[in-house]
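Enquirer: First the structure, which I've put down as structure tokens, then a few questions once you've had a look.
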Amino acid sequence: MLMHLAIADLLVTFLLMPLEIAWAYTVQWYGGDLLCRIMSFFRTFGLYLSGFVLVCISLDRYYAILQPLNFSGIDRRGRVMLMTAWIMSVVFSAPQAYIFHVEVHPNTTWYHQCVTYHSFGNSQTLEILYSSCTIMFMYGIPLVIVIFCYASIYLEIYRKTKSTIALTFRRSSSSILSRAKRRTLRMTITIVIVFVVCWTPYHIMCFWYFMDRENAQNVDPRIQKLLYLFACTNSCMNPIVYGVYNIRQKRDRVIVNQLSSLSKRSEGSTRKSIS
């Protein structure tokens, strides 16, 4: 599942962010109507996919910790969740290609911009409803599911650790293996925390815009753009998190191999002394 999250991160990092930076630099839109619609689709596709895959990972961890003996259908369940994440990302991103289009400035005919003007008619309510649904499915619902899953996992781990018995030296390697599993859990939780930290300021700004548009419009547009780009840096941070935890995981594997070889040597020497 982490591979699918990495794909979503790559889409945002190497497709969305360069286009956003170039667009902010040129101010007006030079790409034509078709590219405007395609880019608008991918502006949300990678973000939806990233959030939905995080939900899949959280649910996968939830079932692994709370139902560890239920092995039937694990692979199928994972495939179904990931397929659903991809399909939902396409479905929820598709309206972007419809509502975004190129408009010519009424007084400056050479100025073109990729906007949503006239897509909602004169209904501000419809525009707010669409934007609210976008925030809810891109951020709100995934966040609620993720918090529920990890809160349940934490409570289960806390309950089990109260009855944990200290392991002997002969089981030290398995202890390190279980510690590696806990590190994987911590890595996933770190990814979720990064997701929350990066996206919350932008969505607070959006919520303020919906509730009090008159005052929210007074905020410097550059600040709004920076908040959006900061949100997108979530996809840049995830590979760093993978790298840090994978280095530690490789170090643990080396320790496990060393302990296993030491254990085999000690058993061999013990047998020789007995014989």
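Glycine residues also receive a Cβ, built from the backbone N, Cα and C atoms like all the rest.
All annotation found in TrEMBL is predicted automatically rather than curated by experts.
These came from TrEMBL, pasted as-is:
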DOMAIN    1-242  domain 'G-protein coupled receptors family 1 profile'
SIGNAL    1-24  signal peptide
TRANSMEM  40-59  transmembrane segment
TRANSMEM  80-100  transmembrane segment
TRANSMEM  128-155  transmembrane segment
TRANSMEM  189-211  transmembrane segment
TRANSMEM  226-245  transmembrane segment
Enquirer: Which sequence-distant residues neighbour the transmembrane segment (128-155)? Criterion: at least 6 residues beyond either end, Cβ under 8 Å.
Expert: 44, 47-48, 51-52, 54-55, 58-59, 61-62, 65-66, 88, 92, 95, 99, 120, 185, 189, 192, 195-196, 199, 203, 206-207, 210
Enquirer: Quick one: find which recorded stretch in 40-59, 80-100, 189-211 has the most Cβ pairs under 8 Å with the transmembrane segment (226-245).
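Expert: Looking only at 40-59, 80-100, 189-211, the most contacts with the transmembrane segment (226-245) come from 189-211.
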Enquirer: Mean pLDDT, the domain 'G-protein coupled receptors family 1 profile' (1-242)?
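Expert: In the predicted model, the domain 'G-protein coupled receptors family 1 profile' (1-242) has a mean pLDDT of 82.
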